[in-house]
Amino acid sequence: MPLRKPAGKRRSTDSGVEPDRGALSQEKKHQRIALFLSDFDQQAKENIQEMKKELDSILQTAEKALTVELLKMPVAIRKMKRKDLL
């Protein structure tokens, strides 16, 4: 005789989030989609601005590090043209 699972709660197919979701009109669906897309666009713009700020910060750090390394070199090498150095 096969083993049986113990009786437990059965899950319903309804999540309870929106009971009348199927009853939404086409216009309301379009409004919700438009709202979702506008929110998505706004978040994308904010993320892009944040990435630009981070990029600027990284570039400034790299420029400062380059300046420090150049100051460590002897003056003769600093004034030398790249072509001559290579």
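Each Cβ is built from the backbone N, Cα and C atoms, and glycine gets one as well.
Remote same-chain residues near the coiled coil (41-68) are listed as none (criterion: CB distance under 8 Å, separation of at least six residues from the stretch ends). Per TrEMBL, the feature coiled coil maps to 41-68.
For 1-10, the entry in TrEMBL reads compositional bias 'Basic residues'.
Mean model confidence for the domain 'Borealin N-terminal' (33-86) is a pLDDT of 93. Under the heading domain 'Borealin N-terminal', TrEMBL lists 33-86.
Per TrEMBL, the feature region 'Disordered' maps to 1-28.
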